[in-house]
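Chemist: Taken from TrEMBL, the feature signal peptide applies to 1-23. Annotation comment: TrEMBL describes 26-132 as domain 'Plant heme peroxidase family profile'. Positions annotated as disulfide bond by TrEMBL: C36-C112, C69-C74. The site 'Transition state stabilizer' annotation in TrEMBL covers R63. The active site, proton acceptor annotation in TrEMBL covers H67. Per TrEMBL, Ca(2+) binding site is recorded for D68, V71, G73, D75, S77, E86.
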Amino acid sequence: MEPSYIFLTMAVTLLSMPATGFGQGTTRVGFYSKTCPRAESIVKSTVESHFRSNPAIAPGLLRMHFHDCFVNGCDGSVLIDGPNTERKAVQNSLLRGFDVIDEAKAKLEAACPGVVSCADILALAARDSVVL
């Protein structure tokens, strides 16, 4: 199979999954329109900024989202740093894009503290990386 076809198939599959995990609710376009109106634009601009300096970040973010969703649903647990965490697992050792998510999280916390979940930030970043 051609690599671009594999990437597209994986992207469609991942982006059709709920951003907050199976059975826990779903995030949709405009989900934060009332609680954090700039949430999607903040994530998008952060992803775009990193993409301009390193285009390889786009597939890295998609892959990170896939790895996050693989174990117990899309819960953001792959972002947790520390010993014996998913982030330190051997299969996750080559994941890229944590700096993008950290920067988006910092900007979102400054704009609307405690509103946007890490799982949703990762899902939005993966979505935005696919269209770059």
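Heads up, residue numbers simply count up from 1 along the chain you see.
Heads up, the Cβ atoms here are built off N, Cα and C, so glycines get one too.
Curation plays no part in TrEMBL annotations; they are all automatic predictions.
Here the structure is a predicted model, which means the values were calculated and not measured.
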Chemist: Mind tallying the domain 'Plant heme peroxidase family profile' (26-132) by DSSP state, helix then strand then coil?
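Modeler: Computed counts for the domain 'Plant heme peroxidase family profile' (26-132) are 65 helix, 0 strand, 42 coil.
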Chemist: Name the residue among the disulfide-bonded residues C36, C112 whose Cβ has the smallest number of other Cβ atoms within 10 Å.
Modeler: C112
Chemist: Counting other Cβ atoms within 10 Å of each residue's Cβ, which of the recorded positions C69, V71, C74 comes out lowest?
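Modeler: The recorded positions C69, V71, C74 were compared, and V71 has the fewest Cβ atoms within 10 Å.
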Chemist: Please report the distance from the Cα of D75 (Ca(2+) binding site) to the Cα of C69 (disulfide bond), rounded to the nearest angstrom.
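Modeler: It is 7 Å, counting Cα to Cα.
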